[in-house]
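Student: Provided herewith is a single structure, encoded as structure tokens, for subsequent inquiry.
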Amino acid sequence: MKSARTSRAWIKAHINDNFVRKANHEGYRSRAAYKLQEIAERDALFSPGMTVVDLGASPGSWSQVALESVGPTGKVFALDMLDMQSLPGATFIQGDFRENGVLAALEKVLDGKRADLVISDMSPNLTGIRVSDQAHGMYLAELALMFCREHLNPGENFLVKVFQGSDFEAFRQLMQADFAKVVIRKPKASRDRSKELYLLGLEKII
């Protein structure tokens, strides 16, 4: 009974969420679009003609923002283990980023070129066990960072979702070895009770 009450409370809060209503009105697939928009505007992440890789893309709101920002001369490559309704201008790969074959498929569509921006909103299947969820989230963030080491152009940027916890500082130090500057972002569209943060690596060193 408690879980049913919790579900009803979540649904009510979701329906009354200003960002949810705004996303529905403006045609974005989720409220997450405004997280990326806020960070992108603050830190000037996008420019026309960029090649963007969007990890954990489904349902596609970050890819929508990326497509709007890079324009017709840009490219957006989206990846998620969940299906995503097609977006004109975006190339979507469905699969688990942890599997070598899926990574190889992404490398194939990149066709030997590197990205100008990597954005990752990947999240594990949350269990409610904070320590476990945080550890799995950090593992996905580390995979995204490893991808950047090989496939992000020097001097370019990397935005990744992480969860506050015991491994947070260690992961930030990993990023600091690869980027000239690493900053923390908590956009307004990120719910107050959420432990999620975003780390932004600016100007990849190598």
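Count begins at 1; order follows the chain as displayed.
Cβ coordinates come from backbone N, Cα and C, glycine included.
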Student: Of Asp17, Asp43, Asp96, which does Swiss-Prot put in the S-adenosyl-L-methionine site with Gly60, Trp62, Asp80, Asp121?
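Tutor: Of the residues offered, the record points to Asp96.
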Student: Can you check what DSSP calls Trp62 (S-adenosyl-L-methionine binding site), collapsed to helix, strand or coil?
Tutor: helix
Student: Using a 10 Å cut-off on CB atoms, tell me which of the binding-site residues Asp80, Asp96, Asp121 is the least crowded.
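Tutor: Candidates: the binding-site residues Asp80, Asp96, Asp121. Fewest Cβ atoms within 10 Å: Asp96.
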Student: Which binding-site residues from the set Trp62, Asp96, Asp121 come within 10 angstroms of Lys161 (active site, proton acceptor), judged by C-alpha positions?
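Tutor: Within 10 Å of Lys161 (active site, proton acceptor): Asp121.
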Student: Would you work out the biggest C-alpha to C-alpha distance among Gly60, Trp62, Asp80, Asp96, Asp121, the residues that bind S-adenosyl-L-methionine according to the record, and give it in angstrom as a whole number?
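Tutor: Maximum Cα-Cα distance: 18 Å.
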